[in-house]
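Each remark here refers to the structure printed beneath this line.
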Amino acid sequence: MMAIRELKVCLLGDTGVGKSSIVCRFVQDHFDHNISPTIGASFMTKTVPCGNELHKFLIWDTAGQERFHSLAPMYYRGSAAAVIVYDITKQDSFYTLKKWVKELKEHGPENIVMAIAGNKCDLSDIREVPLKDAKEYAESIGAIVVETSAKNAINIEELFQGISRQIPPLDPHENGNNGTIKVEKPTMQASRRCC
Amino acid sequence: MCNPEEAALLRLEEVFSATLAHVNSLVLQPLLPAAPDPSDPWGRECLRLLQQLHKSSQQLWEVTEESLHSLQERLRYPDSTGLESLLLLRGADRVLQAHIEYIESYTSCMVVQAFQKAAKRRSEYWRGQRKALRQLLSGVSSEGSVGASLGQALHQPLAHHVQQYVLLLLSLGDTIGEHHPTRELVVNAVTLFGNLQSFMKQELDQAVATQALWHTLRGRLRDVLCTPAHRLLQDSQDVPVTVAPLRAERVLLFDDALVLLQGHNVHTFDLKLVWVDPGQDGCTFHLLTPEEEFSFCAKDSQGQAVWQWKVTWAVHQALHGKKDFPVLGAGLEPSQPPDCRCAEYTFQAEGRLCQATYEGEWCRGRPHGKGTLKWPDGRNHVGNFCQGLEHGFGIRLLPQASEDKFDCYKCHWREGSMCGYGICEYSTDEVYKGYFQEGLRHGFGVLESGPQAPQPFRYTGHWERGQRSGYGIEEDGDRGERYIGMWQAGQRHGPGVMVTQAGVCYQGTFQADKTVGPGILLSEDDSLYEGTFTRDLTLMGKGKVTFPNGFTLEGSFGSGAGRGLHTQGVLDTAALPPDPSSTCKRQLGVGAFPVESRWQGVYSPFRDFVCAGCPRDLQEALLGFDVQSSRELRRSQDYLSCERTHPEDSVGSMEDILEELLQHREPKALQLYLRKALSNSLHPLGKLLRTLMLTFQATYAGVGANKHLQELAQEEVKQHAQELWAAYRGLLRVALERKGQALEEDEDTETRDLQVHGLVLPLMLPSFYSELFTLYLLLHEREDSFYSQGIANLSLFPDTQLLEFLDVQKHLWPLKDLTLTSNQRYSLVRDKCFLSATECLQKIMTTVDPREKLEVLERTYGEIEGTVSRVLGREYKLPMDDLLPLLIYVVSRARIQHLGAEIHLIRDMMDPNHTGGLYDFLLTALESCYEHIQKEDMRLHRLPGHWHSRELW
């Protein structure tokens with residue numbers, strides 16, 4: 001049996017940028033025996049192998065409306081990683097992304113892994129955010145950056161693989177804040193699909 | 001056909017009857033008036049004995065007449081009257097008894113020389129009757145004294161008569177042959193009368209020996225030892241024996257007592273309380289008595305055998321209260337007197353039992369079993385004893401100086417001291433319920449003042465050698481204070497928290513009941529005082545005050561003339577409002593009293609019980625009394641006093657409990673079993689929970705209902721859940737070991753947490769919920785107030801306007817659910833949208849089980865999603881952009897009171913394994929709704945103005 005690390009991942013970004021679509025695509029792809037129950041597209045889980053460990057992502061969606069921004073700390077509290085999503089066809093969503101990054105830097109968990117996802121890359125013909133801008137910004141803050149398409153399943157897997165590689169190894173002498181060690185037997189469960 | 005022996009018996013009875021009548025008229029009748037002077041004590045005794053002899057003589061004559069009559073009937077009607085009709089055969093026991101009573105009366109008179117004394121008073125008369133007496137005494141020398149002749153006249157005919165009985169009955173047995181139906185009866189009668197002969201001789205020998213003893217004793221010794229009922233059985237002057245450690249000059253064995261003479265001292269030991277212990281070598285044996293032990297050493301083994309046999313036999317007879325017939329050398333071994341006896345004895349030796357009287361069961365010289373001890377000073381103990389000491393359950397009364405007042409201890413004892421659980425009701429009306437050790441309060445216990453006490457108090461906590469020590473809670477009813485903290489030698493000592501009726505809280509360090517060093521004080525308005533405090537919790541010396549608005553005052557403080565606090569310092573009005581966790585939400589005591597060690601005094605007895613293998617006799621001593629009400633405890637007291645059978649059925653047998661454990665190990669069955677066990681006040685787990693409830697209420701109810709103790713309380717509840725699970729596992733291990741099995745290896749942390757949070761905590765939370773939830777209410781009172789305002793304001797909106805106000809996407813509105821009346825419009829419908837989700841969420845208040853509350857959240861989400869899918873006509877997975885506004889709508893319609901307290905209680909009590917998971921997410925979503933509804937624009941938004949209506953129109 002492999003050790004399972006549970007990793008809480010928080011989704012941040014404007015409404016309509018496709019936060020939950022990215023995760024739905026991630027969860028539904030690649031048949032897996034260990035899918036846990038979800039709350040629609042708001043809470044989802046998926047376990048993937050990473051080196052000698054299994055990483056079980058506990059993925060929390062957040063409401064992107066401006067009026068709900070003050071509630072975000074409750075959601076990213078204790079997260080091992082944050083996926084901050086913008087829409088490449090909307091410059092405003094990239095500005096919002098920068099605000100989220102700033103907040104995480106100031107108030108988020110220490111050592112949180114940040115991943116930037118430029119979604120809707122299948123609409124590059126009406127792009128408003130150049131890829132170069134995103135890469136430069138990501139590099140400046142030490143974050144992972146990929147452009148994704150939930151619709152076409154582009155770079156979804158790569159996004160989460162990048163997060164796994166960035167997660168610091170667990171100190172064997174203590175339970176880190178980034179997750180807990182559990183030994184779990186795989187169980188067969190019916191696969192639930194989402195559109 | 002009659003036998004010749006029957007005719008001979010007839011003549012014998014005729015002669016004996018006539019002789020008895022003659023003796024009565026010639027000897028007994030004249031003796032009575034001649035009895036010594038009745039005014040003299042000895043004279044009165046002689047008269048009484050002579051009267052008794054006369055009476056028994058009458059009875060003997062009557063039974064002889066009856067026997068004579070039966071013989072006459074037999075001879076007159078031999079064909080119709082069987083041999084068995086003879087009284088000597090059919091009623092041999094009655095004949096025997098009459099003879100025994102006569103001989104006992106006679107020997108008593110003999111011992112006190114009643115005949116000689118009586119004869120002296122009328123010597124002339126008896127001298128004149130000498131010739132007549134001689135006729136009764138055939139073959140006896142005429143040189144004897146008148147007294148001796150009188151004695152002979154009263155005894156010799158009887159002896160001769162019984163001898164003839166034996167001879168004739170023997171002959172009769174031979175005559176009728178072995179096959180006669182009555183032969184067995186005849187043989188039995190021969191045996192009985194033969195034994196009677198031996199008994200009579202034995203009695204006479206003892207009487208002679210006793211009488212001889214009287215002559216050898218003088219003065220006080222004679223008065224003490226010489227009583228008519230005493231019979232000397234053995235004298236060390238006849239068969240020498242030495243006694244150690246006491247150096248007795250003479251040893252006298254009477255039929256009711258053993259007497260050791262040592263100079264002028266007389267040591268008397270009641271034979272009912274003498275135990276014979278055969279020695280190892282052939283010349284020595286030991287005697288045990290309540291207060292002393294002796295070694296008896298004879299010159300040779302024969303002497304040792306005589307003494308040991310005589311003492312054993314005498315003890316046996318003393319215990320049975322009657323004399324048997326066996327004599328030394330008859331070859332019949334007396335049955336050993338039992339080790340366990342019932343008797344009463346008053347202790348004389350110096351020591352704790354001096355002058356105390358014990359009545360009850362003994363074993364080998366010591367109180368053992370059930371009994372009662374009473375001291376002259378009024379002390380009283382009823383209960384179980386073991387090897388001379390109080391052991392097991394016992395009730396002791398200790399009289400107090402004030403009249404008719406006493407302390408009453410109902411307690412378990414071990415080796416003479418109170419040890420284990422007990423209840424003590426003091427003359428002051430105070431009551432202690434808890435554990436004792438070596439007679440002192442030790443371990444966990446509650447001491448409470450009486451209902452009418454002028455200065456009411458209650459201490460709930462740990463004791464050490466009779467003093468408060470360790471963690472404990474004291475409620476001072478007079479001052480309206482509660483102290484929560486450490487004690488030493490009966491005084492507050494170490495870290496402590498003081499909570500007052502006025503809502504003031506102090507945390508600091510105590511030393512010998514005084515506050516020392518820096519501390520903090522929080523007032524009800526959430527002002528924070530930091531510095532050093534007096535006993536009355538007034539700031540003294542250097543200190544700092546932080547006001548609720550953030551202003552700080554730092555300087556020197558003191559109580560000046562008059563009222564109020566005097567200070568000289570700097571007021572800083574520029575400071576920011578203080579961090580809530582340091583003032584209004586500050587939690588006291590956390591870390592100062594590690595939760596694992598807080599109530600060890602409650603857990604330890606249970607662990608001891610389990611480690612000992614759950615023995616029945618320790619159950620009440622370690623787990624507390626098996627009573628459901630004080631009335632039953634009183635009945636328990638009656639049971640001891642009245643020797644009634646303990647009502648076994650009222651106690652769940654420990655064997656049954658352990659057996660039942662093994663039958664309920666599967667998860668569902670285990671849950672049902674634990675629910676029953678925890679609510680059963682007779683079950684070990686139920687008792688443990690009950691005590692924990694008591695400690696919890698002592699801490700957090702009443703004055704202790706203070707928001708600054710919430711953290712202390714919630715961690716305590718969770719610790720109790722862990723301990724209860726460990727207690728269950730302990731019982732399970734014992735149950736398995738009794739079956740020769742072993743408990744599986746230790747469960748891992750995750751499994752244990754799952755059981756603690758998923759199984760035990762929900763079952764026990766109802767027992768703590770009232771006090772615990774109150775603390776959460778108080779802590780989140782301010783936020784809940786804002787939330788209530790928000791709910792009230794949002795309730796003013798009709799459904800569609802609220803959905804719009806909350807920015808719920810229009811295509812998700814369930815308008816098709818609405819059934820409009822002819823005059824109604826969508827804009828006027830209220831409390832209809834998402835109704836199933838609303839009603840589902842409201843169930844969160846109907847359970848105290850945190851897991852069930854979380855399941856309610858999950859089902860509520862399901863209802864929301866179901867409604868949305870129906871509206872859209874397809875399955876739709878709600879992202880948080882859509883879900884959160886909908887959830888806020890449902891929460892505002894559900895109107896759950898004190899939602900903040902609910903949320904925080906759930907979070908603290910939920911299984912930590914859920915962290916980051918589904919339930920954590922749902923709870924966070926609910927919490928974010930709660931936070932959102934508190935915002936100003938939720939609380940203060942106004943309804944649309946009148947112009948808006950006109951525009952629609």
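We count from 1, first residue shown onward.
From the backbone N, Cα and C atoms, a Cβ is placed for every residue, glycine too.
Worth saying up front: this structure is predicted, and the values here are computed from it rather than measured.
As written in Swiss-Prot, here are the features:
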- A:G16, A:G18, A:K19, A:S20, A:S21, A:D32, A:H33, A:T38, A:G64, A:N119, A:D122, A:A150, A:K151: GTP binding site (BINDING)
- A:S20, A:T38: Mg(2+) binding site (BINDING)
- A:30-42: motif 'Switch 1' (MOTIF)
- A:S36: phosphoserine (MOD_RES)
- A:63-79: motif 'Switch 2' (MOTIF)
- A:C194: S-geranylgeranyl cysteine (LIPID)
- A:C195: S-geranylgeranyl cysteine (LIPID)
Remark   = Same-chain residues at least 6 beyond the ends of the motif 'Switch 2' (A:63-79) with a Cβ under 8 Å from one of its Cβ atoms are 8-10, 12-17, 19, 96, 100, 103-104, 107-109, 112, 177
Ask   = If you draw a 10 Å sphere on the Cβ of A:D122 (GTP binding site), how many other Cβ atoms land inside?
value = 14
Ask   = Can you name the residues of this chain that are 6 or more positions from A:G64 (GTP binding site) yet have a C-beta less than 8 Å from its C-beta?
value = A:L12, A:G13, A:D14, A:T15, A:G16, A:V17, A:K19, A:T96
PLDDT averaged over every residue in the motif 'Switch 2' (A:63-79) = 89
Note = Smallest number of other CB atoms within 10 Å: among the binding-site residues A:K19, A:K151, that is A:K151
Remark   = CB-CB under 8 A to chain B: among binding-site residues A:K19, A:S20, A:G64, A:D122, A:K151, passing residues in order are A:K19, A:S20, A:G64
Ask   = Which residues does A:S21 (GTP binding site) neighbour through Cβ under 8 Å, counting only same-chain ones at least six apart?
value = A:A41, A:N119, A:A150, A:K151
Ask   = Cβ-Cβ under 8 Å from A:S20 (Mg(2+) binding site), same chain, 6 or more residues apart: which ones?
value = A:L11, A:A41, A:S42, A:D61
Request  = Inside 10 Å of the Cβ of A:G16 (GTP binding site), count up the other Cβ atoms and send me the figure.
outcome  = 13
Ask   = Helix, strand, coil residue numbers for the motif 'Switch 2' (A:63-79) per DSSP?
value = 11 helix, 0 strand, 6 coil
Request  = Please state whether DSSP places A:D122 (GTP binding site) in a helix, a strand or coil.
outcome  = helix
